[in-house]
Structures are given as structure tokens and as C-alpha cells.
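Q: Reproduced below are the annotations present in Swiss-Prot:
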ACT_SITE  68  active site, charge relay system
ACT_SITE  117  active site, charge relay system
ACT_SITE  212  active site, charge relay system
DISULFID  53-69  disulfide bond
DISULFID  146-218  disulfide bond
DISULFID  181-199  disulfide bond
DISULFID  208-233  disulfide bond
DOMAIN    24-254  domain 'Peptidase S1'
SIGNAL    1-18  signal peptide
């Protein structure tokens, strides 16, 4: 089967049943304060702000997201943290404009598998981590014992072409070896898995539109950044993430 590999923020061609896209299907509601590092990357349109991707706080003033989420000037973005519900004000929300951002120098949106799909965002205002609603994730150089199940957190759609859920979603997924992941994607043009990727899979559960850039964690250890998956959000293919431990040294220089 041949398919066009795409990372999508908003829309897909209706006729392409096997295109590639990032976001969460088959998840459940997260509790308040359960994932305090989860953020929303938003873009301004007129006087309003709209969620386009996830992000993850790793210091009080820096966050990570997927490089493919960023194409405009830094001033067109803001980050929101402490947001459990997208359409409600819970009183725990904190927002900051973006001073600057840096995509990985070897990111290539035209290459198969979208290698090096990671970016650093610098916040204008540091986040207040005195409450349980907002706080940075722990990021270690290796994945420790995170070899089986991990939590994926998302603010994207719960089904392709459905509306975004109001509540932050989570899903428990199984980690695959990269060899197994590559085999499951065989036959899909452009679906290349490399050492800078980590894959998770659970039948009927998947990333979906709007989840790009969001975190994959084991406990409070950041392991992956949502990069790409199947656009139908069917849960029939693995979801592919940027393996953050592969980029530890680069991020520390930013």
C-alpha cells in the first residue's frame, strides 16, 4: 500500500485513507494535577488563541514540542499550562508568550520519517510551580525501566474529524522495539523509523489531530515527543515519537 506521509496540524485530504498524522483515540480523562508538565501550544488568529499542538515543560521557563508544529514567528505563539479543560476556566491556568524557539538543526520535514522532530521553546514568563497544577517533567538521559507501558497525554481529537475533547486525555500504551515498529509500518511509503524514534502501540488506541508535540512519559520521566502516526486515528498502526534521550545534549545547549 502506498501512502503520503504527512504530519498534520489541522486537516487532511478526505480521499487519503492511509496518510500519516499525529493525536489520542481510546483514552480517558486525566485528573487535575496528574500531568502538570502538559502544555498547549497556541497560535493567534485575530484576537483569539487556538490550540494547535501539545508541548511539555522541562524547566520553569523552557518547553519542548515537535519542530513540525512551528513555522511562524515566535510572537505569534503562546503556551498554556495547568489547563485540565480546554473550554473551561479552572483557575489553575498559566500563560506565557514565546520569546524565541529553536528547531533542531537537522530537522527535515521533507525527509521520510521526519527525523529530529524536536524544538525548544523559550517562555517570556517563568511558570509558577508552587501549586500541583504546573510543574516540569523529569528528563533523564536514558529511559531507565520504562520499557513496557507508558502514558501518552493529549489535547487533540478523540477521533479523526471529531471535535477536540474538553478534558485532557491520557492513554496507557505498550512500547515497541524499533524493529517491530518498522515491520508494522512496512508498505507505507515514507513511514521510516530510525534510532531517534520511539514507538508505542495498543490496538484501538492512537494519537490524533492536535496531539503533535505532546509528551510520552513513564511516571514523571519524559521519554518522547509526539511526531507522527496514521491519519485515520484507527489505532491499527503504532504512534511514533521523537526519542528525547537521543537529543539530551542538544537540548542542554539551548
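Cβ atoms are placed via backbone N, Cα and C, with glycine included.
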Q: Reduce the DSSP letter at residue 212 (active site, charge relay system) to three states and note it down.
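A: In three-state terms, residue 212 (active site, charge relay system) counts as coil.
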Q: Cα within 10 Å of residue 68 (active site, charge relay system): which of the recorded positions 117, 181, 199, 212, 218 qualify?
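A: The recorded positions close to residue 68 (active site, charge relay system) (Cα within 10 Å), listed in sequence order, are 117, 212.
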Q: Around residue 117 (active site, charge relay system), which of the listed disulfide-bonded residues (53, 69, 181, 199, 218) come within 10 Å, judging by Cα atoms?
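A: Final answer, ordered: 69.
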Q: Once the DSSP letters are reduced so that anything not helix or strand counts as coil, what is residue 117 (active site, charge relay system)?
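A: It is coil.
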Q: Out of 181, 199, 212, 218, the recorded positions in the record, which is closest to residue 69 (disulfide bond) when you go by Cα distance?
A: 212
Q: Which recorded positions (181, 199, 212, 218) fall within 10 Å of residue 53 (disulfide bond) by Cα distance?
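A: Checking Cα-Cα distances against residue 53 (disulfide bond), the recorded positions within 10 Å turn out to be 212.
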